[in-house]
Every structure is written in structure tokens, then in C-alpha cells.
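Asks: Marked as AMP binding site by Swiss-Prot: 256, 350, 351, 355, 429, 430, 431, 432. According to Swiss-Prot, the NADP(+) binding site annotation covers 689, 690, 691, 692, 777, 778, 779, 855, 859, on the basis of similarity to another entry. According to Swiss-Prot, the feature domain 'Carrier' maps to 567-649, an assignment based on sequence analysis. The annotation O-(pantetheine 4'-phosphoryl)serine is assigned in Swiss-Prot to 600 on the grounds of sequence analysis. If you look up Swiss-Prot, you'll see 91-366 marked as region 'Adenylation (A) domain'. Taken from Swiss-Prot, the feature region 'Reductase (R) domain' applies to 685-910.
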């Protein structure tokens, strides 16, 4: 513990990670820990929040006690209830149901923590977003979690609004944390911040939603439970009060899992946490100031900041050597830096964990026998270590965890080696099983987006990103053909548009900013690969180690090289910074660069460019060595930098007659936005005049997630208005739209098999700029057509797929989803071929599974077209198809199209309005889309009961019922007039018994997982059947 700090009694909350069944009085959630500490340790300081003074050169500390923390959270709860339409948990049919999540995209300070605990206490799931995510990444997480709202700090608002452009999530600006702290005087302490249903049970993982990088390059949501969060509170071996108390400075962002360890220690053992200002990126110098003014006893950070502090020399090392421990994690500390710090008495503590499992290494005060190169595994969690194949003579292990609330174990992708002195407890991660690149900042990069886009080019044979433990990534590109090295510069120019396209979908820290980071390799070089044919990434890095090192040497001296003229110094500096960051010029020379959103990678690029500029234009009056890695952090505005260069102490001589000129703001760059400002989606719908399509239209416009539906309607003739045709079609089906609903519908007359879907170029452009979903429900219903007759249907689907690509190319942040309506007919013979009745939601593996009719063959062709699109264009569109079982009439209006086959011919009817609602839910599902879904009523019904209902309504007696074969004979013998069954005679003879009486059963597991309506579907009721018969009587079809 640091000197001059007094021990204060702290009563620790009783938390057991594996409580006995009968232990019901224990603390279960973080909000309950907050309430316990407010009662048991009210005056103990929970945190010190650093704030910038007005001149931004001096830090002040705001002290927050446990009582104040609880009262601030209570105030935040009130604000949330008043300003957001929160869906609080409620008891429904004996079980608790939660509402949609609320996302937090905020700067990392105590305010973020207050909002997080307030929402958790209300029972509202919290999506915690990194402030470093790109708009496409945020958009993906908002979609996948169905977040209802997003609370956004000011400087992040532009990114958030871009991300939420096509989504229903509302954007809110938070109150600063000071507002909650300044209004809590005199508030009662007995007001609970815990909603009665905020805790459901131990299996509930819809509590806090963190995120990591998924295999597609976009982040994936990670759902964690209350018990998972409590494991942070117990992540220590600080049994002595002298070790447990004192101030713990943490530069770790609170929107990452590692960042939660420090405040959890404050909650669990009373170790006061000190947060840096939320609007700044921590630097070495600022961190040393914070350690000093807070009188810190310990420090938690990432390797890159430790390395920067070590570069400061004795000043930095001595400040660290006086601490009880210095914890680092999220990346690997360079051995040379670690050794230097350890030699000078710094007590380094290696930390380890994953987003899915939480912290796996306890916080403790290292003793002399501890080796900082290894982390020590916790002994209070259920962990499983297994030895795997060695790497040469080095033993390797894999670690399996059992996350709280997760039913299955989680195997960590890192390979571990053990400390020979403590082989059962101390380990180090030496490589990942997956392809994640971990930067020097601890940030992670999934390189698949970059690599796959580059490999699309005919110039490229293979692409492998690199950058492990560096500040930015680069990419090795193996050329597809032999090219003389003298032409490499021209090739880089040709490839750069692809890199720029990839950058648009990658986070800021994961982007390539210079063509110098593209390392070209000849086509003849042998790239190391595994037995499976995949690239052996680590072997590639080793093989080209010298070349990669050369790339980073070039990057150190690369960047925009500008002259700094003392007459125009501010303007020159601003231009340099803008080129390094790609910022538009709508900012002032007095703006704090980090409050504006500069990240650590951009700060390094600016520093490099400044070194080059000083070397080129100011050598002799200012030494480049003065522009250290900390320079941008120390001088975080153009004005501050200019003042530094003008100071005589820095060796600059101002020209005679020089006078500082006032700065005139540049003109704002015009920014173009997508047309939808409220975040709702636009759907392109075909087949809206058909039975299923019309009910899909009604379902879509009733969804709060939909802004507009554009219907492509084939005109009956050159005179009929397409909108009028649609209106008459809906009315014939007893579907009536209000004026408000009609205002959401656009109707375009078209021929979808023609170029641009038969639209004008202007109309097609509108689709490119607005559509986010495509639902293709149009299809001719004729069982006599042969396969060649469906050519126009294949061309229509081709054109819609082309539109999806055009949408993505025009709006790279949008990945449109196209859903095609297929049929049970494509698997009508599945039971005969495979010997099982249940048809899985998989592709057709044999044409023998088809019903032998052109209708089924054509649907299969379209299914195969979609499978091809999913394989070859995974980053441009999402495609799926839905095989429909037998659709009945509407459950509300009784409408059942007399021209569609089999009213009353199948044993598992699903009403058309229910089917349409299920399709809408599959189309708009935030979960990753499956390729294939089935929609069918899983409830099988008795023909005997159904026929009794029909007979009663039609006043038929039992003697009127005929055996199946005899009925077929009468159908065949009767004339064609007034005999609608005659045209389906072949179907009755060949397919009805198999498809209509239970021999073909569509599996619906995937569809029911994504559709709440399909999960709730019931048998068709007697009232429903009476409605169908009544409708047919009304239109004169039944007499």
C-alpha cells in the first residue's frame, strides 16, 4: 500500500460463486452489492474520477463514496424512466419476460458505470459498446441484439446516428455524471435501485451484453449473467487490509471486460479505483500525473502504456516501482520492457481472461517467487486444463472454462505454456488457435474482411494480414501472376481501392492507412499452409519476419510530409493532422484532439508526421527527438502544438516582423446521409397482389421496425394504375389499409425479368439508396408448367440479387437481406429417398427429392441460385429461402384463395396471416440469418374431426362421405365445368397422400428459433374452418 494512506474498516460483501441450493440470503447481483456497500460502507470512497480543469493542463479529482454511488444510480434510474420508453421485466404466464436491451456508447468514466448499474438494477439488458467501434460494427450489434435505444456521448453521436440509420433504435444523449452527484444530497438511503424482477435465475445471461470480434470480422454479442459479473468482485487474493485498500489507478476502458475488474475490486474489498478523464486517451505523462495526485497504491493498464512509461526513463520507472503491483493485460508486454521494469523493482502482475469467461487470473501483491511472464490461474473457478500436442520440446495446454449461466463449456482459443517452477498454476499464452491479431494497444483485429476483399481481385493469389503486438496492421499480398518488382508501386495503386473498401467495414484501430503497409510477394513464393490447406499464419509471419519489420520501419518515416511554415503554422499543423486522421476540416485549432475522437493509433500517426515535418523544414531550430511518442498527448490541440514550436526554449527563432494571425474557420464539408433518419427499414416486396404476399405487406407495415414498403407490381395492362391494382387486390382479400398505412406503401409498376427490374434508371437508383430488405414472394401458381416456362422467374431472381449487390456497392455500410419464398414441393419425395419423414432445414442433396413437376424443379433452381450467392457474395448480401408448407386461409377474415390448390387438402394447415407474420419475423430477425427455413404448422390434425366440422357447416350427412379412391374416380369422371378439383387430378393421384397426410413433415427448428409467432402457432380451430367455408359461400364458390 502506498505511503501516507490510512486503513479504514471495510466490511466485505458475502459472495459465493457456487452457493448451496439452500443459501438464499446471499448477494446475487452487482446492484445488490452497491446497496450492501451503501449500508455497510457508506463513507468509504468507491472511486476518484479525474477531470480536466478549464485550461486542460491540471487534473482535479471528484470523490464518490459508496453512499453517493448508490444515490447517483438512483437518480439515474429516475432519469432513465422519465426519458426512455423502457421495457421493464414483467411476470407473464408465471415467468419473467425482459424487454429489449439499451445500448451504451459512452466515454469511459464513472458516468458509464452509473448508467450500466442503473439499467442492470432495472432488469433492462445492457449492450456495452466500445467507443472505438466503427458504424458498421455498431449497426451489426444493434441488429443482432434488437436494442431498443442507444445512449451516446456527444463526441460519439455522429457514429451512433450513422450506425442506427436503418434501425429502430432511438438515440439519446446522457446527462453527465455530475448531474446525478449534485442532486443526491439529503436523499433517503432506503430507496432500492433493484427492480423486483431484475434477477430471474442463474441461467439468465441476458443481463450485460459485451462484445468481441466474430469470425466474419464484425463483433459478436457476448451475453453474460449476474453470477458472471459477481466473479469480477471475487477476482483477487487480497486477504490483508494493507493489500486490499489504497487507490488503484486504472486506464482500462469500462466498456471492455478487463476494465470491469478495477471497479469490481472497489466493490469487493474497498480498493478505491481512480479513473482518468473520459474524454482523453491515456498517455504516459498523463498517467504519471494521475498516479501522483491520487497517491496511488497500484496500477492497472495495457502493455502499450507501460512501454511508453518505460521510455520516459527514471521518472516513469521510479513512479511504478513504488506501487504494490502494476497489473497489465489485454496484450503481451515486450520482454525487453518487462525485464527493465522488473530489474528496477516494479512489481509486474500478468492478468488474463476472455470476454466469454471473465477474469481468469486473480489480483494479488506479487512476491519474490512470482515470474511476471506468467499469469496465475484462479482457484475459485471451475477450470479444466488439458495437455495438447507439444511444440517441439515445449509442452502446450488448452484451457476450458465453464461460464456462469452457459450450459456448455467454453474452450479458449489460446495455447498455453506453463511455468516450470509452478506448472499447475502459472501459465502464459503463446498463440491463438484462431486468426485474431492482438495489437500493442490490446485491441483485437479480425482480418477476414480485409483478406477476403483483397482475394476477390484477379491480381491477388492470397492475402495475409499481420500486425501482432504492433500499433497498426499491414497485409502480405501474394500476386496471382509474375510481375517485375519495378511495377509494384503501380500494383499497389490498383489494389488500394480494395483496401479502402475494406477499411469502411473495419474499426478505426484495424484500418490500413498507408500503401506502404501493403507488402507484395511474387506469385512463385511458397506460402506455408496447414494439412487442411488453410494458411499457417504464424509460419507466414516467421518466414517474412524481416520484410514485415521493414514495413514498420518505413511506416515510422511515412505519412504526409509537409513543411511547417512559421507564417502559417496553425494552418499547416491542422492540414497535417487532417491528413493523418481523414477528418473533414470542420474543427478549430483550439479543439482538444482527443475530445474530438482521436484514438491512440491516430496519435502515433500524427507524431510520426510531425517528426518528418520537423526533420524536413525545421531541422536546426528544433530537434526531431523533441517530438516524442507522448507529444500529441502533452499538446492535444493545434494551438498547443504551435505554442510549443514558438517557445524560445525549444530553439525556434521567429522571423522578423512575424505576428500570430487569427485563424479563420474553413468551410464545412457537405455530408450526405441516407434517406432514413429514424432508423427504420425499407422493404422491397414482390408478389404483393398474391395471397401470401398481400398478407406479408400487411404484416410488414404493422411492424414498428418498418419505415416503408416498396411493392413491385406487374401491371395487368397499360391502362391500370399499379397502385389501384394493389388496392383492389387487397380489398378482394378483405384486407383494408388505413390512410396512415397507405402512406407507408410505394407501388411501382414493373417487369422484374427486364433490365433494372423494368424500372426507370431513376426509380432503380431510389431502390439502391433506400432498400435494406428484399422479400421475393412473387411466383406463378401453375402445376402444368414445365421447367423451361420459368425462365423469367430465374431472370427475376437474378435481377433482385444484382440489386442487392448494387445496394451494398452504393452504401457499403448496408448489407441487404434477401429472402425468397420456396416450397415444400422441392422436398416432396424426401421421405422416399432418405427413408425418414422429417425433412431438415438443409439444402436439397438430390433431385430425386423433388416432386416431378416443373413448379418444384423451378423452385429448386432458385434455391441453388441463392446458395451460390451466399457462397460467393457473403460480404455484400445476406440471402435465405423459406420452404412453405401448406398455407390455409386467413385466421381473421376467412379469406382463402379458390385458385390456390388444396383448400382442405392438407393435414397441417397454417393460416396465411400467421405464415406472413412468421416470414416478417424471419426477414427482420436481428440474429444471423440461416440459409434455409421451413414454415409449416407443426400441429398435425385429425382428418376425421376436420371432416365432421366441414360436414356440419355444409349440412352433409355421414353417408355423403366417400372413401378416397372412390372420390378420385368421381372427380375424374365428372366434367370440367364447376369442377375445380379436376385440374389437380394428377396431384391427387400422385402426391396428395404423401404430402397432405403426414408422409412429408417439414422440420422447423431454425425457423421457430427466429420466429415467436411460429413458436406459438396452434392447430386450426373449428371457428377458423367455419370462416373459410363462409367466405367461399359469400363469393359463390360453395352453394
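Placement of Cβ uses the backbone N, Cα and C atoms for every residue, glycine included.
Can you tell me where each of these features sits in this structure?
Replies: Following the DSSP three-state reduction, the secondary structure of residue 779 (NADP(+) binding site) is coil. For residue 779 (NADP(+) binding site), the Cβ neighbour count at a 10 Å cut-off comes to 22, with all displayed protein chains included.
According to its DSSP assignment, residue 600 (O-(pantetheine 4'-phosphoryl)serine) is helical.
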Asks: Look at each of the recorded positions, 350, 355, 600, and point out the one with the fewest other Cβ atoms around it within 10 Å.
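Replies: Looking at the recorded positions 350, 355, 600, the Cβ with the fewest others within 10 Å is that of 355.
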Asks: How does the domain 'Carrier' (567-649) divide up by DSSP, counting helix, then strand, then coil residues?
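Replies: Taking each residue of the domain 'Carrier' (567-649) in turn, the totals are 51 helix, 0 strand, 32 coil.
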Asks: For the binding-site residues listed here, 430, 777, which shows the highest count of neighbouring CB atoms within 10 A?
Replies: 777
Asks: For residue 256 (AMP binding site) and residue 779 (NADP(+) binding site), determine the Cα separation and express it in whole Å.
Replies: 49
Asks: Tell me, by DSSP, whether residue 429 (AMP binding site) is helix, strand or coil?
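Replies: Where residue 429 (AMP binding site) sits, the three-state DSSP reduction gives strand.
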Asks: Might you list, by sequence position, any residue in that chain lying six or more from residue 351 (AMP binding site) with a Cβ less than 8 Å away from its Cβ?
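Replies: The list for residue 351 (AMP binding site) reads 258, 261, 300, 327, 328, 329, 359, 361, 363, 375, given in order along the sequence.
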Asks: Report the nearest neighbour of residue 779 (NADP(+) binding site) in space among the binding-site residues 350, 355, 429, 430, comparing Cα positions.
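Replies: Of the binding-site residues 350, 355, 429, 430, 355 has its Cα closest to that of residue 779 (NADP(+) binding site).
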Asks: Going along the chain, which residues six or more apart from residue 689 (NADP(+) binding site) have their CB under 8 A from its CB?
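Replies: Those within reach of residue 689 (NADP(+) binding site), by Cβ under 8 Å and sequence separation of 6 or more, are 713, 725, 726, 729.
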Asks: How far is it from residue 691 (NADP(+) binding site) to residue 350 (AMP binding site), counting Cα to Cα, in Å?
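Replies: With the alpha carbons as reference points, the distance is 64 Å.
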Asks: Determine, using Cα-Cα distances only, which of these binding-site residues is closest to residue 600 (O-(pantetheine 4'-phosphoryl)serine): 355, 429, 430.
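Replies: With Cα distances computed to residue 600 (O-(pantetheine 4'-phosphoryl)serine), the winner among 355, 429, 430 is 355.
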